[in-house]
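Okay, structure first, notes after.
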Amino acid sequence: MKTLLLTLVVVTIICLDLGYTEMCNMCVRPYPFMSSCCPEGQDRCYKSYWVNENRKQEAYHGKYPVILERGCVTACTGPGSGSIYNLYTCCPTNRCGSSSTSG
């Protein structure tokens, strides 16, 4: 009985923590995606794209933009920040950037 009670308490604590922890998909080419909790203070997810000199996203075989990296950041400086060949965009959702989400 004590073991069952202890198990319920541990599961409750874990579930409560998951509700307040930002999860971002982490990826550096090549695959796979890896979801990870963001460090404290880094509560925004971002995606990094390869762009050409006109700041347009480069497509992979004309199908979709090449995402170079995903991760956590403290704050977003706005859409389209980054260097001339690397475009960073923040995601509006938790665990953004997977193949099943558009953000």
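Our numbering is plain: 1 for the first residue shown, then up by one each step along the chain.
Note that Cβ sites are derived from N, Cα and C of the backbone, with glycine treated the same way.
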### Message
From the disulfide entries in Swiss-Prot, identify which of Cys15, Cys37, Cys45 pairs with Cys24.
### Response
Cys45
### Query
Which of these links to Cys90 by a disulfide bond in Swiss-Prot: Cys72, Cys76?
Cys76
### Task
Name the residue from Cys38, Cys91, Cys96 that Swiss-Prot records as disulfide-bonded to Cys72.
Cys38
### Query
Can you count the other CB atoms that lie within 10 A of the CB of Cys72 (disulfide bond)?
18
### Query
Of all the disulfide-bonded residues given, namely Cys24, Cys38, Cys45, Cys72, which is spatially nearest to Cys90 (disulfide bond) at the Cα level?
Cys45
